[in-house]
Amino acid sequence: MLPARVRLLTPHLLLVLVQLSPAGGHRTTGPRFLISDRDPPCNPHCPRTQPKPICASDGRSYESMCEYQRAKCRDPALAVVHRGRCKDAGQSKCRLERAQALEQAKKPQEAVFVPECGEDGSFTQVQCHTYTGYCWCVTPDGKPISGSSVQNKTPVCSGPVTDKPLSQGNSGRKVSFRFFLTLNSDDGSKPTPTMETQPVFDGDEITAPTLWIKHLVIKDSKLNNTNVRNSEKVHSCDQERQSALEEARQNPREGIVIPECAPGGLYKPVQCHQSTGYCWCVLVDTGRPLPGTSTRYVMPSCESDARAKSVEADDPFKDRELPGCPEGKKMEFITSLLDALTTDMVQAINSAAPTGGGRFSEPDPSHTLEERVAHWYFSQLDSNSSDDINKREMKPFKRYVKKKAKPKKCARRFTDYCDLNKDKVISLPELKGCLGVSKEGGSLGSFPQGKRAGTNPFIGRLV
């Protein structure tokens, strides 16, 4: 099940995230209705029988289940609303979905997303979830556009999505922080930007902090006033379940996910969100979701004993002494340095003239947030693109560390600490290692189980 830091995911926002990924492995740049009627798999012969109408989610009445299945083959998102003809056959998809959402919103436990429709019945270009403050751009069919969600402000959705070519000039300033996206990719693959799913927006704002960051912020903000020892504590599934049940009792409208536990404090390999019908695979020891495993109304096939890889034994920096740093202060120092780097990366991306002459390129979507920070700063320091930071390039690094990180005593020999093999240069793996950045869950090398102390540095910056 999702760990505590992401269990506040509201049901309909989870659905929004799923819609951001192409369904069923199809990689199309246009609506599914463009599939030809001559396509045999989607054109089964429907025998003439007594009509048994079905009202579907596109607002149309289908005369039989066979005709409905034919339409669903072309549009996998199509669903049955009720048996019988639609009450208003001329009702648009947006108005139908809005009516359904308003009906569901009457239930006190649901924080429902209600779509906004134009005078002609089409979806308005900007849609918002009033309960969380998130807004995003949608296609004419109402599908959320990857990379467009913002919180507490209106996204810039300029013109029809398919009318605007992909711009190259601003590519260095646009970053899609799509950490959560691959979790809900139905075919397990990474999201593929297309003309439909990756539009270009005017303005200088960073595109799409995902709801993954939103819930990291919620979780990490709760750790702000706790000491480092408490923030490192690994909670068992039983503890997380009790905490979730208590939060669900206090906040029944938030759609909180309740983890299912196995003996010994472990998580069951399959976790589900009952309100939405979504299930996914997790690591049984941490509850961390596995990307690409989310399904709806179908139980995913999960490994029964998938566990987090132990990096502590392979981390040469874990017990490495930082000369001059007071005992027990290394973690605090590295946390403050990483937070400062994160802040500067966001400001650089969001500025009209990024540092380094616009050298920041679209990051690898498989990277964690802290990996992206490490890669970004390494590219700033490596001015000659030699894939290492030499003695000359190390000077601004030393000045930065002394200025930004605390306690100051830990900064004096930090570059020596990073130079693991003592060859007088710092490689990218060495920089990531001394910053405690690891593939699994962000900062694991220096921060046990990936839990960093203090406030998440993206509060107020990415959302």
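Positions of Cβ are set from backbone N, Cα and C atoms, glycine also.
Residues or ranges marked as domain 'Kazal-like' in Swiss-Prot (evidence: sequence analysis): 36-88. Residues or ranges marked as disulfide bond by Swiss-Prot: Cys42-Cys73, Cys46-Cys66, Cys55-Cys86, Cys94-Cys117, Cys128-Cys135, Cys137-Cys157, Cys237-Cys261, Cys272-Cys279, Cys281-Cys302. The domain 'Thyroglobulin type-1 1' annotation in Swiss-Prot covers 91-157, and the record cites sequence analysis as its basis. Marked as N-linked glycosylation site by Swiss-Prot: Asn224, Asn384. The feature domain 'Thyroglobulin type-1 2' is assigned by Swiss-Prot to 234-302. Among the features that Swiss-Prot reports, domain 'EF-hand 1' is placed at 369-404. Among the features that Swiss-Prot reports, Ca(2+) 1 binding site is placed at Asp382, Asn384, Ser386, Asp388, Glu393. Under the heading domain 'EF-hand 2', Swiss-Prot lists 406-441. Among the features that Swiss-Prot reports, Ca(2+) 2 binding site is placed at Asp419, Asn421, Asp423, Glu430.
The structure, with features from Swiss-Prot marked on it.
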residue	record	DSSP (3 states)
Cys137	disulfide bond	strand
Cys157	disulfide bond	coil
Cys237	disulfide bond	helix
Cys272	disulfide bond	strand
Cys281	disulfide bond	strand
Cys302	disulfide bond	coil
Ser386	Ca(2+) 1 binding site	coil
Glu393	Ca(2+) 1 binding site	helix
Asn421	Ca(2+) 2 binding site	coil
Glu430	Ca(2+) 2 binding site	helix
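Taken residue by residue with DSSP, Cys117 (disulfide bond) is part of a strand.
A Cα-Cα distance of 37 Å separates Cys137 (disulfide bond) from Asp382 (Ca(2+) 1 binding site). In this view, Cys135 (disulfide bond) is surrounded by 19 other Cβ atoms within 10 Å of its Cβ, with every protein chain counted. Between the alpha carbons (Cα) of Cys128 (disulfide bond) and Cys261 (disulfide bond) lies a span of roughly 34 Å.
Calculated from their C-alpha atoms, the gap between Asp419 (Ca(2+) 2 binding site) and Asp388 (Ca(2+) 1 binding site) amounts to 11 Å.
Apart from the site residues Asp419, Asn421, Asp423, Glu430, the chain places the Cβ of Cys418, Leu420, Lys422, Lys424, Val425, Ile426, Ser427 no farther than 8 Å from the centroid of the site's Cβ atoms, the recorded Ca(2+) 2 location. Nearest Cα neighbour of Cys86 (disulfide bond) among the listed binding-site residues (Asn384, Glu393, Glu430): Glu430. Cβ proximity to the Ca(2+) 1 site centre (mean Cβ of Asp382, Asn384, Ser386, Asp388, Glu393, cutoff 8 Å) flags the following additional same-chain residues: Leu381, Ser383, Ser385, Asp387, Ile389, Asn390, Val425. Shown for the domain 'Kazal-like' (36-88): DSSP residue counts in helix, strand and coil, namely 13 helix, 9 strand, 31 coil. Taking Cys42, Cys46, Cys55, Cys135, Cys279 as the disulfide-bonded residues under consideration, the smallest Cα distance to Ser386 (Ca(2+) 1 binding site) is found for Cys135. In the structure shown, the C-beta of Cys237 has more C-beta neighbours within 10 angstroms than that of any other entry among the disulfide-bonded residues Cys42, Cys66, Cys73, Cys237, Cys272. Within the set of binding-site residues Asp382, Asn384, Asn421, Glu430, the entry lying nearest in space to Cys281 (disulfide bond) is Glu430 (CA atoms). When Cβ atoms from all protein chains are considered, those within 10 Å of Glu393 (Ca(2+) 1 binding site) total 17, not counting its own. Counting every protein chain shown, the Cβ of Cys94 (disulfide bond) has 23 other Cβ atoms within 10 Å.
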